[in-house]
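Colleague: Below is a structure I'd like to ask you about.
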């Protein structure tokens, strides 16, 4: 049966929305006193509104449910069928997909809180979580804001102010400029005085937005303007500060909690050094290689920082640390962090429960001496992104999604299910995989084992990248720093990854067996004795025969000569190498598995066939093998875009630097696109003259839409 006919039978519209099994209440494997709580907070919180979406909304709802607190969700039009909407006791629409019209619309959220009789609002992280005006708005309306007072958000949210407060409190700070003169000339002058490389950062917000490393005076102006645009878009404030950039530092942060009674504690540190685009990708607790004395000094400095602003609730004090374990205050995030689960795993706490109880007026549940530190935990952030394309964020449907089974040491923190869509309007994080074990090496082995079980089809993800990262010898040794990915780029992002011929044989076997399944199904339903499907069995007249198959790895076609043997096995020849192949397909728990033997080596893989592509997932890794489609069935090829540039993803055109008639050189900036809350510069692929610009500033461009056309060059 032709591969094209087989593919036509795969209907991707028949997606099932499959729920994710989440972590059950943990039974701690180490012998230590676990804190017992009552069923409801000591204050008046019986209903909480979560002013957020995705996995953090689901996370808060689970704890609220455990405590007997009713939950209220809000959602945009894009999130109407989202997981957090289904989980909540009540859910209310608050507007269109763009965040400014929904999740950042303070008046709408306050109105929902009032109409639903919610006594408190949990902001999650991002969106309004560090918005001083929103915290004050809640207070004025008599609604409990589950977070610090607005004054603490103000003091810590403006980085220039926080640096001064920290210095006065005896917290070490980095040399830099935090002044009010925000002219380009003044900032450039101070950068020169501090000495390159420097880091410029938006004085508000976080998440790597509005942040640039500048290594020379030559690139200062371009990077400053780009950082200002991104900061203005994200935080509505383009003011900047400048700091001396510490080369190859570690990013170490401390979880703190304060209450209304003047108490403050630290729950040890997390190492979040390994980052891309200044955003964390893998975190661990405790930080590797930190001795107890440094850990104590870190924690005490973080508590001093919290007390300096009368902090209440969950917060994170971030430090940069040099190779000698000297540390310097960087900023304080006045909210619950994305990576808070690793702290929960090593301390046996529920930090969301602590938030709710402290917001209701209770004291911190444990004294500093009572907070345990046991074992080691990792969190890997699973993103819809393409690591091979500078970690370009992606969007699209989760056609297939299967995860490792949650257990007492494995958590899946997510807000999506199979069949859901990763939206272009929001952050592309799919899930957080969190694991715990008694020591770092065991936890790392658990992380890699679990990543192998995280299988996603429908859009590109960073799972394979995380496997390479967690398996790198320097990462295993704990030699982490913020330049880890650039330093080990060749190991982590190999340019040419050739699929093993044995894996190609497995893919070919899976396709052949799938063809046999389909032809058998046709045979059962046809009455036409002359139909080729009425007698197709993979063999003819009980004799061997040979066919040629073509599969594709990247842009390279692979020719496989397949001989069907009478005993049901296959001889496959790729180039000059011969393989004896046999196996079968089976269904387990709703998934198709390929059991195969290639030259006597047995293996088992999950087998998925979708959209001209074969996906194989096994404990050895994952592969994708394409099935070439005849040219007369193919859409316009990518070569048709050589005369210009195309949009790498769906987004909004923020700036246009060129017009028709302009001459440009390869690498010149043509446009700036905002997508997935990040700024992407579209650069000229070659020297030439612009013939046409297809989009103006503010316009929405779909993925692969032509942006700029070049004039044809005379030969």
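Every residue gets a Cβ built from N, Cα and C, even glycine.
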Colleague: Pick from 201, 324: which one does Swiss-Prot list with 159, 207, 208, 251, 278, 318 for the same ATP site?
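Modeller: It is 201, as the record lists it for that site.
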Colleague: Out of 233, 335, 490, which of these recorded positions is nearest residue 193 (N6-acetyllysine) by C-alpha distance?
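Modeller: Given the candidates 233, 335, 490, the nearest one is 233.
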Colleague: Check residue 490 (N6-acetyllysine) against DSSP and tell me helix, strand or coil, would you?
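Modeller: For residue 490 (N6-acetyllysine) - judged by DSSP and reduced to three states - the answer is helix.
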Colleague: Measure from the Cα of residue 233 (N6-acetyllysine) to the Cα of every one of the recorded positions 335, 490, 577, then give the nearest.
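Modeller: Closest by Cα distance to residue 233 (N6-acetyllysine) among the recorded positions 335, 490, 577: 335.
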Colleague: Let me spell it out: for each of the recorded positions (193, 233, 335, 577), count the other Cβ atoms within 10 Å of that residue's Cβ, using every protein chain shown. Which one has the most?
Modeller: 335
Colleague: Mean pLDDT, the domain 'ATP-grasp' (163-360)?
Modeller: 94
Colleague: Restricting to the same chain and to sequence separations of six or more, state which residues have a Cβ under 8 Å from that of residue 490 (N6-acetyllysine).
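Modeller: Long-range Cβ contacts: none.
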Colleague: Going by DSSP, is residue 335 (active site) sitting in a helix, a strand, or coil?
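Modeller: Note: residue 335 (active site) is coil by DSSP, not helix or strand.
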Colleague: What is the interatomic distance between the Cα atoms of residue 335 (active site) and residue 577 (N6-succinyllysine), given in whole Å?
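Modeller: Counting only the Cα atoms, the answer is 59 Å.
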